[in-house]
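Feature annotations, reproduced from TrEMBL:
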TRANSMEM  26-46  transmembrane segment
TRANSMEM  52-73  transmembrane segment
TRANSMEM  80-98  transmembrane segment
TRANSMEM  104-127  transmembrane segment
TRANSMEM  148-168  transmembrane segment
TRANSMEM  180-200  transmembrane segment
Amino acid sequence: MTGIECLLLIPFTLNYSVLDKAGRWAYYYLLSSVVFALGSLLIAALYRNNLWFTSVMHLLQFIILSAYYYVLIKRPPLKLIIKILLIPAFILFILDFFKLEGIYTYNSIFATVRTCLLLAYGIIFFIQLLSDDDLIKEAVFINSLPNFWFNSGLFIYLCSSFLFSLAYNFFLRHSLYNTAFQPITFIGGIIEGILFYIGLMKAKKLRS
């Protein structure tokens, strides 16, 4: 996935000015994914165990994507919930990282909660698009919106990695991940990259 993420970062960086506020948070997520991938490879090569770095990056990406959905979702009560949930999510991360599962194992409790919350935010945004009066009045097709594609890419990748988040430690102990679940998350990542690129093209078209 590292090569795909790095290649995708190039057109996003060159066209940063066409992205709206939410799109820029999607760009920051993409940038963090590149740091995540390269950092994981480097730390694994130097110290073998990079799971502590994985946990920290999951927290960082959760904060970035929470900001992304905070911008996208319109209803004030839901925006407030997204802000408030950052606090218990951070507390859960600290507990999981230092107490429950530990620094040198995959923090599946936090990762699962994080994935569920982000999937819920994605569903809320899809529902919002389907019932948005402004889009209906202006006859705007939702597939012409960049954030429809960004959210679709995120949603597919999060769905493909959900089982990984839930039970990675079990798979690791039984050597199941590489044979059974890595292809699923890899394919999900490729689809995410394609949909992100489509979203970027839609953003360019809107600004042209």
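From the backbone N, Cα and C atoms, a Cβ is placed for every residue, glycine too.
Just so you know, TrEMBL annotations are computer predictions that nobody has curated.
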Apart from its near flanks, which chain residues at least 6 from the ends of the transmembrane segment (26-46) lie with a Cβ under 8 angstroms of it?
1-2, 5-6, 8-9, 12-13, 16, 19, 53-54, 57, 60-61, 64-65, 68, 147, 150, 154, 196, 199
Within the same chain, where does the transmembrane segment (52-73) have neighbours whose Cβ lies under 8 angstroms from its own Cβ atoms, ignoring anything closer than 6 residues to its ends? I mean 6 or more beyond.
21-22, 25-26, 28-29, 32-33, 35-36, 39-40, 43, 79, 82-83, 85-86, 89-90, 93, 96-97, 103-104, 106-107, 110-111, 114, 117-118, 121-122, 124-125, 128, 147, 150-151, 154
